[in-house]
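S.K.: Structure in structure tokens, see below.
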2 protein chains.
Amino acid sequence: MKSVKAFAPATVANVSCGFDILGFAIDAMGDYVEVFRKEEPGLKVISIEDDGGKLPWEVEKNTCAVAIQAMLDDYGQEIGMDIALKKGLPLGSGMGSSAASAVAALVAANRLLGDPYERKDLLPFAIVAEKAACGAGHADNVAPSLLGGFVLIRDYHPLDVIKLHVPDSLYCTLLHPHFQLNTSDSRSVLRDAIPLKHSTIQSGNVAGFVSGLYQEDYELISRSMRDVIAEPYRAVLIPGFYEVREALKAAGALGMGISGSGPTLFALSKGAEKSKEIAKAAEEIYQNIGLGVDVYYSAINTRGAYVLEENK
Amino acid sequence: MKSVKAFAPATVANVSCGFDILGFAIDAMGDYVEVFRKEEPGLKVISIEDDGGKLPWEVEKNTCAVAIQAMLDDYGQEIGMDIALKKGLPLGSGMGSSAASAVAALVAANRLLGDPYERKDLLPFAIVAEKAACGAGHADNVAPSLLGGFVLIRDYHPLDVIKLHVPDSLYCTLLHPHFQLNTSDSRSVLRDAIPLKHSTIQSGNVAGFVSGLYQEDYELISRSMRDVIAEPYRAVLIPGFYEVREALKAAGALGMGISGSGPTLFALSKGAEKSKEIAKAAEEIYQNIGLGVDVYYSAINTRGAYVLEENK
């Protein structure tokens with residue numbers, strides 16, 4: 001039976017100063033989706049592994065199926081597919097878990113059809129799936145998972161997604177502390193209106209961050225990693241936030257922020273060795289805090305999701 | 001008598017999406033300051049040309065003298081200098097007129113002392129002069145006038161000024177309509193608080209604009225030239241704003257915005273020829289509106305202020 005298996009990477013959205021507009025992809029982890037062509041039309045979820053039994057199997061709710069259905073609706077042909085999802089990412093962690101599932105499903109299904117869609121053209125289908133999974137059609141996880149590297153969502157109407165330059169030596173350390181944080185809580189603490197002054201500070205930092213990426217100026221990247229819009233309100237929901245940041249910066253992190261709406265934290269660093277040292281410092285500080293943590297370090301994924309296997 | 005004459009270019013601050021953080025310098029016009037070494041200590045303004053008699057001669061108020069005094073206070077020696085200013089820029093036009101005077105004075109005086117200061121180190125003295133002239137110590141005119149090119153003011157505390165990449169074919173057209181607009185009026189229409197959504201839109205556009213400069217992507221620059229923070233409130237103070245913009249975009253402008261706090265408008269374009277065509281379109285549309293206008297077109301000045309003449 002014809003089948004395609006694809007991988008889509010974990011992602012960090014917001015990236016401190018890039019609230020709701022920046023995201024990047026991580027080499028180290030992600031989700032796996034295998035799609036099987038079948039005779040009878042219609043989609044079916046045939047297996048879900050490593051989700052702790054939490055993800056829905058119904059095609060109207062499963063993020064993989066919703067994404068593929070959106071693509072097939074556009075494609076205009078009823079094609080039968082069975083879908084097998086293997087989670088590599090923890091759910092609700094702020095690492096773009098639902099986005100990675102949708103993107104892996106789309107990349108696999110697109111290849112199964114003979115790649116009728118360019119990579120960028122899959123994005124709207126992934127956004128449909130994000131809306132089904134999270135209630136909001138954000139693109140700051142799906143776009144970097146699909147395209148790789150650092151991605152700017154300049155605008156949604158119409159969608160304008162820009163791949164930014166990624167310095168070779170930029171590495172990431174991710175810390176996933178063992179506690180639950182609801183996305184809705186994390187969203188509800190934000191203010192609807194902000195001082196003009198804060199908007200100007202945020203603009204200055206995001207412009208500095210983007211400039212730092214292009215200039216490969218790690219010090220500038222570091223100075224620009226400041227979020228005055230979401231972080232001050234969300235940090236209080238994350239135990240030990242400022243203590244952890246201090247420890248990570250002491251270990252050489254360029255900066256640390258909240259991945260998506262948390263609770264996962266991310267740190268950027270120059271060089272692979274430094275990202276390991278930061279990971280070690282993270283384990284130590286969480287031991288002091290008395291909270292379990294999973295720590296990962298990784299290069300930036302610059303190619304995005306990709307096909308792992310094809311069976312003709 | 002030992003003397004140095006310097007030129008400092010006109011500047012466009014804000015640059016649409018870069019409210020309070022971006023500025024760039026223009027080749028075509030600027031101010032001239034000649035500084036003469038004299039025996040007795042103290043500063044003296046000995047001539048001001050082409051200001052219509054409007055600028056102050058007192059050393060405590062004259063922007064050239066205030067800037068040089070700030071430098072000498074830091075330098076720690078009482079050096080006598082006579083200052084001659086020749087305005088090339090109209091006052092209160094939004095083209096960084098006071099900034100160009102201060103910067104030309106500093107570059108001339110610094111050379112007279114044997115260049116004890118690096119270019120970037122003159123910036124705090126120029127900001128002192130801006131504060132004296134405008135009441136607010138903004139850097140988005142003085143920094144590009146001093147350094148040239150596109151400049152990002154990432155932060156003021158401490159001052160963090162970043163020179164951005166300038167695409168070779170980027171040109172500017174400036175329109176100075178014949179009417180007065182007080183900076184204080186232009187400032188007072190702004191809101192102290194803005195919707196979070198607007199801040200996100202502004203951030204996306206400034207990140208897109210900066211990325212467009214580095215990628216030399218003129219279409220991206222064009223799409224990013226959108227200001228949701230200041231322009232909607234200031235445009236109503238500028239007769240024919242939207243009509244002019246439509247005409248300029250039809251003539252090939254990448255975008256049009258308010259230079260500083262106005263009333264001067266600027267348009268960016270790809271190529272020198274296009275900037276001339278836009279200038280022609282501007283003259284026609286202002287004739288229709290029934291308002292006099294001075295129109296200039298120019299390359300981006302990438303070297304900033306410079307010494308024109310030295311007499312030993």
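For all residues, glycine too, the Cβ spot is worked out from N, Cα and C.
Just so you know, TrEMBL annotations never went through curation; they're auto-generated.
What TrEMBL records for this protein is below:
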type	residues	note
BINDING	B:PRO90, B:LEU91, B:GLY92, B:SER93, B:GLY94, B:MET95, B:GLY96, B:SER97, B:SER98, B:ALA99, B:ALA100	ATP binding site
DOMAIN	B:65-149	domain 'GHMP kinase N-terminal'
DOMAIN	B:210-286	domain 'GHMP kinase C-terminal'
S.K.: For B:GLY94 (ATP binding site), which residues in the same chain are close in space, meaning a Cβ under 8 Å from its Cβ, but six or more apart along the sequence?
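M.R.: When sequence neighbours closer than 6 are ignored, B:GLY94 (ATP binding site) has B:ALA13, B:LEU181, B:ILE258, B:SER259, B:GLY260, B:SER261, B:GLY262, B:PRO263, B:THR264 within Cβ distance under 8 Å.
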S.K.: Check the binding-site residues B:PRO90, B:GLY92, B:GLY96 for other C-beta atoms within 10 angstroms of each C-beta and report the one with the most.
M.R.: B:GLY96
S.K.: Just checking, which of B:SER98, B:ALA100 (binding-site residues) has the fewest C-beta atoms within 10 Å of its C-beta?
M.R.: B:SER98
S.K.: May I have the list of same-chain residues other than B:PRO90, B:LEU91, B:GLY92, B:SER93, B:GLY94, B:MET95, B:GLY96, B:SER97, B:SER98, B:ALA99, B:ALA100 whose Cβ is within 8 Å of the Cβ centroid of the recorded ATP site, in sequence order?
M.R.: B:ALA10, B:LEU89, B:ASN141, B:GLY260
S.K.: Per-residue pLDDT averaged over the domain 'GHMP kinase C-terminal' (B:210-286) comes to what?
M.R.: 96
S.K.: Mind checking how the domain 'GHMP kinase N-terminal' (B:65-149) divides into helix, strand and coil residues in DSSP?
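M.R.: Grouping H, G, I as helix and E, B as strand yields 49 helix, 7 strand, 29 coil.
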